[in-house]
C-alpha cells in the first residue's frame, strides 16, 4: 500500500455550460520518504492537485488516500508551502511560525513552543529577522518563513506548491539547497510542484509531468537515479542528467504543441461586417 | 532626535513640516528649500489668495447692500433721509450697518470677541461656584441636588458640548455597526436577508432620523428627568453615521484574502480563532476606513441635528446667531464655520493616526 495514493481522481470547477474539468483520471502513488516532483505548464491544474492532497478541496470522483485513509480535510500531518507565501501580514515572523506551532502542539508549554519556533527559524537563518513583519522581508526570506511554518508543525508529508517560482534565480538556488538539506535530515515524504524541469531533477527521486488542462492527466514518470547530494554545477556535465532533461523537455514540448494545435481548431470566428454609418461621424464632428 | 520628530510628524499626518526641520539642521539645503516652497509656502500663498478673494467679495457685497439702503431711503423718505443714511453707514454706527457677508477682518474681530466672552463667562462661573460652594456642600450632605450654573454657555462650552455629542454618537455607531458588520460579513445568508434594510435606511437624511429618534425617545423618557435633547441628538448622530462602518465591516469580513483562509484551514484553527486571528486582523484596514468615514459624517450631521433638535452645541449656536441678527452675528457664524471645519480636520487626523497604529499596510509588490 502506498503512503499517498490518488485513485482515478477528477475535479471540475464552475457549473452548467462553464463547467470545466481541470483534472481528470489522476492516478498517483507516493511511497514513504520519497521526493516526487510534478512538472507542468502554468494553468495545468497543479495547484488543484496539491489542494486535493492537502484536503483543502475534495475530488468530484475518485479517492485521495493518505496512509490508506481517505482525506477529508486539512491535517497537521500534511504541511503545505504555498506559492505566494501566504504569511499573515499583521504578525511578525515569530508569531507567524508560533501560530502554527501552537496549533500543532497544543500541550506544549509556552517556553518549549518558543524554543521550537526559534530553532526552526534558525534553521533557515532568519533568527536576526524574527521580530520583523513580512513586508519588511524580501521574497526569498518570506518563502523561508513559509517553509519554516510548514516544517515547524512536524508534518509527515511536505506539499510544496511552486514554492520557488516567484524568486530570482540566485535565491531560488539557495533555497533549493536549504529545502534539500532539511529534507535530507529526516527524509520526510515530499511532493514538489514546479514548472522548472531542472529544479525537479535536482531535488526529486521521481518526476511526473502533468499534461496541460483542461482535463489534465499525469504523463509517464521519469525515475531519477542521480546520487545525492546533487551539485547543480556538476550536474550540468552529467550525461545521465542531460539525457533525462532532454527527454522530459521533449515530452513537455510535444504535449505543449499538441495543446496549441488543438486550441487553434477550436476557435470559430464570428462573421463580422464593418458597420459604416457616415452620418454618425458627421454628427460627431465639432462645429 | 531629528529623525524621530520627522517620523512622528509623518505618522500624525503633518509631514509637510519635514523640509522645515531638515532645513533647520542644514541638511541638503537646495532640495529642502524646494520642499519648503512646495509644502509650506505654496499653501500659505493659496490661503492669502483665498483671503484676498474673500475680502474683495465681501467689500463688493457691502457696497451693493449700502447703495441699496441709501436708494431705499431716498425713494421712501426723500433726500435728507438718504444723506442721513449715508453718513450713518460711513460713521460705522451699529444701527444701520448693511447686513451681508462679513470680511475676514470682521470675522477675526468676532473670533476675538467670542474668546473674550468665554473668559467673562468662565469668570462668572468661577464666582458662582465660589458663592454656592458652602450651600452646595450643605445640600450634598442633605442629599439634595446641587445648584448648578444656569447662565448662557460660551462659544467654547458649545464646542465642548458638540464634541461630547459627536463622541457619544460615534461610540454608539461603533458598538452597533462593528459587531453587526462582523456577523453580516461572516454569514452570507444573514447578509442577503437584511441587505434590503441596510440599502433602504442608508440614504435616509439626518433630519428624518432625528424625527424618528425623537418619536421613540420622547415616549421612552417620559417622566424621567434625563437630558432628552442630548440623548436624541447623539442617537440620531450615531444612527446617521453608522452605515459606512456597517457596510465596510461586513465587506472587509466577507472578502478576506483566500490565502489567509487557506492558512487557517491548513493550521486547523477553530471558528473562534479563525475569526479573531485571521478574519478580524485582515479586515481591520477596511473597518477603520469605515470608522473614519463614520466620524466625519457624524461631525457633519451633528451640526444639522443640533440645529433642529435645539440641543446645545455648535449647531444651535449657528442657528441662534442667525436668528439673533445682531451686528456681528454673520461674522460669528463664519467663525463657527471655520471652527467646525478645523475640528473636523483634526478628528480625521486623529482617526488616521489610530488607523496607522492598529493596521498593517500590505506591500503591493
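The count begins at 1 with the first shown residue.
Cβ atoms here come from the backbone N, Cα and C positions, even for glycine.
Transmembrane segment is the annotation TrEMBL gives to one range among B:229-248, B:249-268, and that range is B:229-248.
Between the transmembrane segment (B:284-309) and the stretches B:165-184, B:196-217, B:229-248, B:329-347, the greatest number of Cβ pairs separated by less than 8 Å involves B:229-248. The highest tally of CB pairs under 8 A with the transmembrane segment (B:229-248), across B:165-184, B:196-217, B:329-347, is held by B:165-184.
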